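Since the structure comes first, as C-alpha cells, the remarks are kept for the end.
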Amino acid sequence: MLLGVNIDHVATLRQARGTRYPDPVKAALDAEEAGADGITVHLREDRRHIQERDVLLLKDVLQTRMNFEMGVTEEMMLFAEKIRPAHICLVPETRQELTTEGGLDVAGQEARIKAAVERLSRTGAEVSLFIDADERQIEASRRVGAPAIELHTGRYADAETPTDVAEELKRIVDGVAFGVGQGLIVNAGHGLHYHNVEAVAAIKGINELNIGHALVAHALFVGFKAAVAEMKALIVAASR
C-alpha cells in the first residue's frame with residue numbers, strides 16, 4: 001500500500017506568521033527520503049496554506065509524484081493545465097471550513113464533474129474524486145469517467161464509541177469493495193493518524209492512503225523524516 005504525504009500543514013505553520021519557514025518543499029523532499037510514495041498539496045481558493053510558488057517548485061524537484069488537490073473552479077483548472085501534475089484530486093471546498101468536511105457530491109452535479117474530469121485528463125493526469133464511501137457517489141464517479149476515487153475517512157476518524165468506529169470502518173470496507181468492483185482505483189484519507197490508521201491500512205483493495213496533519217504534528221517531536229518513516233512502517237505492516 002502506498003503512502004501519500006500531505007504537506008499542507010507545514011505551509012499552515014509558515015502562513016501563521018507570514019515567514020519563509022518552515023518550507024513545505026523541504027518537508028516534501030524529506031518525506032520522499034523517508035519512504036513517501038507521493039506528495040499531496042491542496043491549493044485552496046483562499047490560499048490559507050499552500051501557495052502557487054510551492055506547487056511550481058514541487059513540480060520541478062519531486063522525485064516521486066505530485067497529487068494536486070483542487071476545487072472545481074476555472075482558476076484551478078487553468079492552473080492545473082499549466083503545471084500538469086501526475087495526479088489531480090477534485091475536492092469540495094468552502095471558505096468557512098477548517099478542513100475539507102465531506103466528500104464531493106458527484107451524483108448531484110455529474111455534468112459539471114464529467115466536464116472537469118475530461119478536461120483535466122487531457123493534461124495526462126490521473127484524475128480522482130474525493131467522495132464519501134457511498135455507493136451512489138461511487139457509481140457516479142465511474143459514470144463521469146474518473147479512473148480513481150479517494151474515500152473520505154473523516155467520519156471514521158471522528159467516531160468516538162467502539163460501535164461508531166466499527167460502523168464507520170465497515171462503511172469504508174464496503175465502499176472499497178464496491179469501488180474496486182466498479183473498476184476504480186481506490187485511495188483513502190482524511191483524519192488518519194498513528195492510532196487509527198492500521199485498521200484502514202488492513203483493508204484489501206486500497207491503493208494509497210493520504211495523510212498529512214498527524215504527520216506534521218508528530219514531526220514536531222521526532223522530526224519529519226522519522227514521522228513519515230514511522231507511518232509508512234505502520235501501513236506496510238498492516239497491509240501485508
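Glycine residues also receive a Cβ, built from the backbone N, Cα and C atoms like all the rest.
Here is what Swiss-Prot records for this protein:
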{"type": "ACT_SITE", "residues": "H42", "note": "active site, proton acceptor"}
{"type": "ACT_SITE", "residues": "E69", "note": "active site, proton acceptor"}
{"type": "ACT_SITE", "residues": "H190", "note": "active site, proton donor"}
{"type": "BINDING", "residues": "N6, R17, G191, G212, H213", "note": "3-amino-2-oxopropyl phosphate binding site"}
{"type": "BINDING", "residues": "D8, H9, R44, H49, T99", "note": "1-deoxy-D-xylulose 5-phosphate binding site"}
{"type": "SITE", "residues": "E150", "note": "site 'Transition state stabilizer'"}
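A map of Swiss-Prot features onto the structure.
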residue: D8; record: 1-deoxy-D-xylulose 5-phosphate binding site; Cβ neighbours (10 Å): 21
residue: H42; record: active site, proton acceptor; Cβ neighbours (10 Å): 24
residue: R44; record: 1-deoxy-D-xylulose 5-phosphate binding site; Cβ neighbours (10 Å): 19
residue: H49; record: 1-deoxy-D-xylulose 5-phosphate binding site; Cβ neighbours (10 Å): 21
residue: E69; record: active site, proton acceptor; Cβ neighbours (10 Å): 25
residue: E150; record: site 'Transition state stabilizer'; Cβ neighbours (10 Å): 32
residue: H190; record: active site, proton donor; Cβ neighbours (10 Å): 26
residue: G191; record: 3-amino-2-oxopropyl phosphate binding site; Cβ neighbours (10 Å): 20
residue: G212; record: 3-amino-2-oxopropyl phosphate binding site; Cβ neighbours (10 Å): 24
residue: H213; record: 3-amino-2-oxopropyl phosphate binding site; Cβ neighbours (10 Å): 16
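Secondary structure at H49 (1-deoxy-D-xylulose 5-phosphate binding site), as computed by DSSP, is coil.
If you compare Cα positions, H49 (1-deoxy-D-xylulose 5-phosphate binding site) sits closest to E69 out of the recorded positions E69, E150, G191.
Using a 10 Å Cα-Cα cut-off from H9 (1-deoxy-D-xylulose 5-phosphate binding site), the recorded positions that qualify among R17, E69, H190, G191, G212, H213 are G212, H213. Within 10 Å of D8 (1-deoxy-D-xylulose 5-phosphate binding site), counting CA to CA, the recorded positions R17, H42, H190, G191, G212, H213 contribute H42, G212, H213. The most densely surrounded of the binding-site residues H9, R17, judged by C-beta neighbours within 10 angstroms, is H9. A coil conformation is recorded for H190 (active site, proton donor) in the three-state DSSP classification, outside any helix or strand. Counting only the Cα atoms, the space from H213 (3-amino-2-oxopropyl phosphate binding site) to H42 (active site, proton acceptor) is about 13 angstrom. Nothing from the recorded positions R17, H42, R44, E69 places its Cα within 10 Å of the Cα belonging to H190 (active site, proton donor).
Each residue contributes its Cα atom, and for N6 (3-amino-2-oxopropyl phosphate binding site) and E69 (active site, proton acceptor) those atoms are 10 Å apart. Nearest to G191 (3-amino-2-oxopropyl phosphate binding site) in space, judged by Cα atoms and limited to the recorded positions H42, R44, E69, E150, is E150.
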